[in-house]
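Engineer: Structure in structure tokens, see below.
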């Protein structure tokens, strides 16, 4: 009897796996908007992929991965192939994830509403989509080595660079939303309390940035060397000061009354993180001490010796993973009314989301079964670009690939280590990020004929 009930329970999931409504999450949660639930499912699938990629790097997994035909053959370099199998496995797994999201991105170009037949693919058929993704990932493990890893290293670097910029855009959006929320509460009542909270958060961010700058100069520079690090730290410090001053200029405040130092402080902290991340990728070990050596432990060489495993888990990589998770899930649930950020992320403004969300009373809830269904709030128009969302997850897959492998590049004839290319990618992304933030401040003054409300 129990087995019959179990089969009946499993059968109730079939509409979720093959139907047009994403009820995978809704079975456990109250009914939600189709637009939000769908994005959360895609984000959770990417999170599962990240967890599997982390497992690939666990010591001992190379014995299982070596069983794949041709996966570790004809490799004669400084680093033994059995040490590199985790590195290669992450590349192939992330290649499969990236191709899955890229195909969906191309398929969803110019989808305008949920009435488009392609929207049913985006919002449903989960079993078939995930089965296709798994098939692509498995197939990626049988791609001949050749130049695959080298080519995909450069593709991953370009994609990770773009995703870092998207992280910055989402961070700008978060900072604006945070500031607006607290300013509104400050204006509604108990102004002293909220003003103190706003001031404390801003001061804390700037204090963290100042401490970071001091530590950078102490540990990542030397009087007679490390000139690149000195330049990176100094330039980014000056750029952050300039952006902070610009955010409170009278002209800027006149065009954007709610711009302020809180947003600038958040951008400053993120810029300091990118600066640190760039310096930790420098090939010269004297200008790139490990975190363990800084806190008092012995430093290990970037290039492993015979029989040693590669040190994958660096502090900046762990922080990078945390930022990645926050940004992906924030992009899945965000409903922003910041028009400049919405234009950059191809997302509708908050008013559209509210109007669509009100469609529940019009019978948009699925009738005729007891399964919780998502509310179709996109019948009149999508609330975000399906194509751009999948493209962002495509870039996120590449970012994860580079983060988990510490941006290392392996050349069989030589060794595996950090490259100056990775340093310049990260440091240039920090500069472009500050430029993007400054543009959100000055755009209303430059483009006076456009509405930025």
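Note: Cβ is positioned from N, Cα and C throughout, glycine not excepted.
Checked Swiss-Prot, it gives:
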- 2-39: topological domain 'Cytoplasmic' (TOPO_DOM)
- 2: N-myristoyl glycine (LIPID)
- 40-60: transmembrane segment (TRANSMEM)
- 61-88: topological domain 'Lumenal' (TOPO_DOM)
- 89-109: transmembrane segment (TRANSMEM)
- 110-123: topological domain 'Cytoplasmic' (TOPO_DOM)
- 124-144: transmembrane segment (TRANSMEM)
- 145-151: topological domain 'Lumenal' (TOPO_DOM)
- 152-172: transmembrane segment (TRANSMEM)
- 173-197: topological domain 'Cytoplasmic' (TOPO_DOM)
- 198-218: transmembrane segment (TRANSMEM)
- 219-231: topological domain 'Lumenal' (TOPO_DOM)
- 232-252: transmembrane segment (TRANSMEM)
- 253-259: topological domain 'Cytoplasmic' (TOPO_DOM)
- 260-280: transmembrane segment (TRANSMEM)
- 281-309: topological domain 'Lumenal' (TOPO_DOM)
- 310-330: transmembrane segment (TRANSMEM)
- 331-387: topological domain 'Cytoplasmic' (TOPO_DOM)
- 351: phosphoserine (MOD_RES)
- 352: phosphothreonine (MOD_RES)
- 361: phosphoserine (MOD_RES)
- 364: phosphoserine (MOD_RES)
- 388-408: transmembrane segment (TRANSMEM)
- 409-426: topological domain 'Lumenal' (TOPO_DOM)
- 427-447: transmembrane segment (TRANSMEM)
- 448-453: topological domain 'Cytoplasmic' (TOPO_DOM)
Engineer: With pairs restricted to those 6 or more apart in sequence, evaluate whether the transmembrane segment (260-280) and the transmembrane segment (124-144) have 3+ C-beta pairs under 8 Å.
Structural biologist: no
Engineer: Using Cβ distances below 8 Å and needing 3 or more such pairs, separated by at least 6 in sequence, tell me whether the transmembrane segment (232-252) contacts the transmembrane segment (124-144).
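Structural biologist: No, the transmembrane segment (232-252) does not contact the transmembrane segment (124-144).
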Engineer: Which residue counts does DSSP give the topological domain 'Lumenal' (219-231) for helix, strand and coil?
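Structural biologist: Split into helix, strand and coil, the topological domain 'Lumenal' (219-231) gives 6 helix, 2 strand, 5 coil.
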Engineer: Do you know the mean pLDDT across the topological domain 'Cytoplasmic' (110-123)?
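Structural biologist: 81, rounded to a whole number.
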Engineer: Under 8 Å between C-beta atoms and at least six residues away from its ends: which parts of the chain pack against the topological domain 'Cytoplasmic' (253-259)?
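Structural biologist: 176, 179-180, 183, 247, 441, 444-445, 452.
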